[in-house]
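According to TrEMBL:
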DOMAIN    42-297  domain 'G-protein coupled receptors family 1 profile'
TRANSMEM  28-49  transmembrane segment
TRANSMEM  61-83  transmembrane segment
TRANSMEM  103-121  transmembrane segment
TRANSMEM  141-159  transmembrane segment
TRANSMEM  205-227  transmembrane segment
TRANSMEM  239-260  transmembrane segment
TRANSMEM  280-299  transmembrane segment
Amino acid sequence: MESANQTISVTEFILLGLSDHPKLEKTFFVLILLMYIVILLGNGVLILVTILDSRLHMPMYFFLGNLSFLDICYTTSSVPLILDSFLTPRKTISFSACAVQMFLSFAMGATECVLLGMMAFDRYVAICNPLRYPVVMSKAAYVPMAVSSWAAGSMTAMVQTSLAMRLPFCGDNVINHFTCEILAVLKLACADISINVISMAVANVIFLGVPVLFIFVSYIFILATILRIPSAEGRKKTFSTCSAHLAVVVVFYGTILFMYGKPKSKDPLGADKQDVSDKLTSLFYGVVTPMLNPVIYSLRNKDVKAAVKNLVSQKCFTQ
């Protein structure tokens, strides 16, 4: 009987999502759809202005354009699947589609961590070594930096996805999540996942720990440099050039800490409620951060704000 069970091959997965709470599905469909539209419009406008406005042809805004494109890719890899699951009674996804979705989500998340670190370095050089900024952050430097962020994120996603999807799944194909989230998929494996756990721990150190440490150290030097500026107006003006990036970093890593730093409930009823809460928190993490990024940069950065106004006025004038 045991050997027969081992031969069962999983060809598709069932995404549990909010199946136990059908009344919530319609509400969240509308809410997530509206947020997804805002993400596409907001980040799309940021990409346009960084390309079309010559005043934004600088390393900082090149990275911002990459961040916006990444946010669109990240949400598009999961949100359409989530929206479809809210309307479909049987929420299934094929094995190969699950692997692709897992790869894209993991790659975009890892790339964003590295990219935020690159952006912190850009702000460090601009504020702490302004005279060397044109040399250090030349096009020959910042383009490979962005490319390496995408390459590193894609490589670790390929490794993690390959390790996860080569595991045997012995018939249990119900994923307790909205998407093919890697931890939820690993719970279904009927084999030792210690290699997966170790590899993910290493990836977390490299793609979460190292960028956070790098950003933290960069901002210590940045703040030290700002505090040495004699005039209050000068300090305010200098800080405004990095406040948007700092706000994005706080939102991005703050949400991650909130998601994974909460204590787990030991009460069965409380655990069930927390299970729903965890899934909703993960869902909103996937859409809130990409939605807030263009809002933060539009409100906190005067150059971006001016470029957006210029783009809108040109559009209105041509019509």
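Each residue, glycine too, has its Cβ placed from N, Cα and C.
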Quick one: do the transmembrane segment (141-159) and the transmembrane segment (239-260) reach 3+ CB pairs under 8 Å, ignoring pairs fewer than 6 apart in sequence?
no
Grab the same-chain neighbours of the transmembrane segment (280-299) for me: Cβ-Cβ under 8 Å, and only residues 6 or more beyond its ends, written as numbers and ranges.
28, 32, 35-36, 38-39, 42-43, 45-46, 64, 67-68, 71-72, 74-75, 78-79, 82, 105, 177-178, 181, 244, 247-248, 251-252, 255-256, 258-259, 305, 308
For the transmembrane segment (103-121), find every same-chain residue at least 6 residues outside the stretch whose CB is under 8 Å from a CB in it, and list them.
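Same-chain residues near the transmembrane segment (103-121) but 6 or more away: 60, 63-64, 66-67, 70-71, 73-74, 77-78, 142, 145-146, 148-150, 152-154, 156-158, 160-161, 179-182, 203, 207-208, 210-211, 214-215, 218-219, 245, 248-249, 252, 286.
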Let me know the model's mean pLDDT on the domain 'G-protein coupled receptors family 1 profile' (42-297).
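Here the mean pLDDT over the domain 'G-protein coupled receptors family 1 profile' (42-297) amounts to 87.
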